[in-house]
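According to Swiss-Prot, the protein carries these features:
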- 1-143: region 'Disordered' (REGION)
- 25-49: compositional bias 'Gly residues' (COMPBIAS)
- 83-106: compositional bias 'Gly residues' (COMPBIAS)
- 165-188: region 'Disordered' (REGION)
- 388-501: domain 'PAZ' (DOMAIN)
- 676-997: domain 'Piwi' (DOMAIN)
- 760, 846, 986: divalent metal cation binding site (BINDING)
- 932-940: region 'Interaction with guide RNA' (REGION)
- 969-991: region 'Interaction with guide RNA' (REGION)
- 1001: phosphoserine (MOD_RES)
- 1005-1025: region 'Disordered' (REGION)
């Protein structure tokens, strides 16, 4: 997951204003479990019923954490005890896990509502989710014993409707799996036609043959393999290959349209090495190539699959066609994954630090409902500029390297950037030999000597170049490049080397480079469509010798696809605002005349300013304006801080945070806590953001809101309104709810208690070989509202895609076999916060590629089943498992870019556009949904693929649910591009990486963008989880932070 730039600014959204709630309230003892949420001087119609009449809500007292015994029973750490902070949504109390002690009539400002919290799970124990129990049997001063809680879970009534679906047994292997068939096509919404970047490919009627290729001596480079096979075809096509033009995958497989005149044959091929060896000579190498018939590639089954008469996709046949269509572009362009790049496809753009962006295109053959489809999209990536090495080093260090000696840090940076890079020498005229850099010399060139004879006579590199080549080295203070192996290294002065063109930069980009690359890739839909069509014309598949050889014909026009535009959902806000409900327009709305449905409380807050540009008086003004915006949006926000804003230097972040926190808490009366820390950051803040979040959330126990200097100076109302939304959910409030959820009108969600999960795994950046992956799982904790999400995060094995800690089982010396895990903890939390056990599970899983579908489903569905069974014998609620994919290359364009009724302001298709025909899977349950309005560039629809469905969703049911949930994202007044549970899981995992590796960031502003997944370009492992792998655990979150959505 590339990291986003680190700021805590919210996504862009609507403007916000409103007024504070006011009204009578009475309360005593414990709050009503099912009624409205009453606190302070206003009536918050929260909870499930949203009843108009005032409800009783007491001010809770001191809360208590779960005892150690309970923690061990359910996998939580023994230290899970602490002060309560906020009652559940259906209680009016301020209390702990056992509920607060009731007080008299409440007269103060509204107390903070609890919100499900995100926790950190470590193996083998977990920090259990903390939501207060709402069972009437629980004493307000005592939490239930583990056995009691388990009994309560079992005793929950299922009279609201037991699942009628038969629970399907999980197959033992992927071969037995059948993904759900499409339950018909959706009918809801306004019908329209869109264009997709899919091009119809006519299935060939040729006889395809598969041959195994063995090249000895074996090489790891596909480029060398291809060069060998090209030489073979050039030499022997007419004489030995029956005039066939084979397609080669660069490894072990060769395919032909029709048989070769032999079943097995050996060839000898001589090839001149492109690179110079350790002795300075280009070797001519002989390769033995054995080509042996393996099988015929059957296209009959592919035709049956495309017609829907066969459920399993014949992967080999698809692979053959993909290899055939990649042959010509592989010879013309530079292949990177499934994409091809060239300086001729588009204008190169500088990315800084010696890098530049190249334009290219993505190409992949796919089975669809319309038959075979060639998916083509534009792409860009970073290449190393083909400059002299001296110039590259100057660009990398951003200075003239002749002005002062290189520091140790400079040498490390240069070595890291140049290792593995191919260079050519320039001091020998037209003889441009190529070498690959293996390192830098430890000493300067002027100090470097080497033996020239058997008597170990030493000669300096400076002398050698002058005597041998007549070249006088100018930059003798610089180290030499080292090429060849460590046993027999060669030394090349930097100034005689030039970087060879066409080398992709695969290491991690810095913030400036990411910004520049995003700017290059950002294209308006009409421009992207034109470039895609131009690429198809440039590739000219009709004249592609390989396509002709195999009988593949590619259409030259974009596919026209039937689509529907789903209506936006009505949203519920607090009745005391002028507008109690809202219907979003084109995927967005604003907070004007509206108030948060449940405003949180900030009584005690402080501000720390780390920006030298922001003076104290400006910091005070900014905080006052922000407090006012929170107030008018529906929160109870004290306009005066506990202490005046203080300025500090970023390098003293830990000392300042702890000192200021101590000073502020000392000033408060006993039992009071700091509710919020407002932080002003420099625009370029390095690792400050990550350090600050780590200290606040794992050491001090305080939620924080970071604001960049540029926003402090602008002080725009829209920015303030968005920050208010984030602050509200961080302190336990809720911004809005779906009207259909309150009126129980969501199919297969509202009829019985339903829990919605979101899960994601973020991986380290390429090159970080030892850092763990971070898994996050969130789950809804309110029903029927489904807006609040608790979660768990854990570190797991490097690049492990399967979530290892979904279900855990281990032996305890006293208790014997103990079960725990993320799913179990979240199910228990749902039970505590709603009073119901989930009778239906919907699981949105982000970040899974098609090749991982079977492994992820087999492992994670099994973990869900085991977690449920560990809570109650026979407890198996029906599960729907949906993969959410954003890293695909399907783009949808309006049929007419000039029709204002079919595009949004950015020229993209309208939010709510759903496609489940033609370009979708021939038989399985999948769809593309563009749930958001575009801001800039071309919108990427999310692809949802149902891998398991025991709830028997209709197409309309799942599509509408997914689209409507996209309007409930807490951080902005816009619909978002992926379903919020998956989005929250990603945010949680991303935040947890700050705890794990705060020192690795070289730029701390976090901005929205496509680099959020952090290292997503590198491969992911689906090996079976190794529970014994040593993974450094995440530092524990503090109790005050656990109970709020601090990651928003």
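Cβ atoms here come from the backbone N, Cα and C positions, even for glycine.
Features as recorded by Swiss-Prot, highlighted on the structure.
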residue : record                             : CB count, 10 Å
760     : divalent metal cation binding site : 30
846     : divalent metal cation binding site : 26
986     : divalent metal cation binding site : 27
Sort residue 986 (divalent metal cation binding site) into helix, strand or coil using the DSSP assignment.
helix
So, by DSSP, how many helix, strand and coil residues make up the region 'Interaction with guide RNA' (969-991)?
12 helix, 1 strand, 10 coil
Quick one: DSSP breakdown of the region 'Interaction with guide RNA' (932-940) into helix, strand and coil?
0 helix, 0 strand, 9 coil
Kindly state the mean pLDDT of the region 'Interaction with guide RNA' (932-940) in the predicted structure.
94
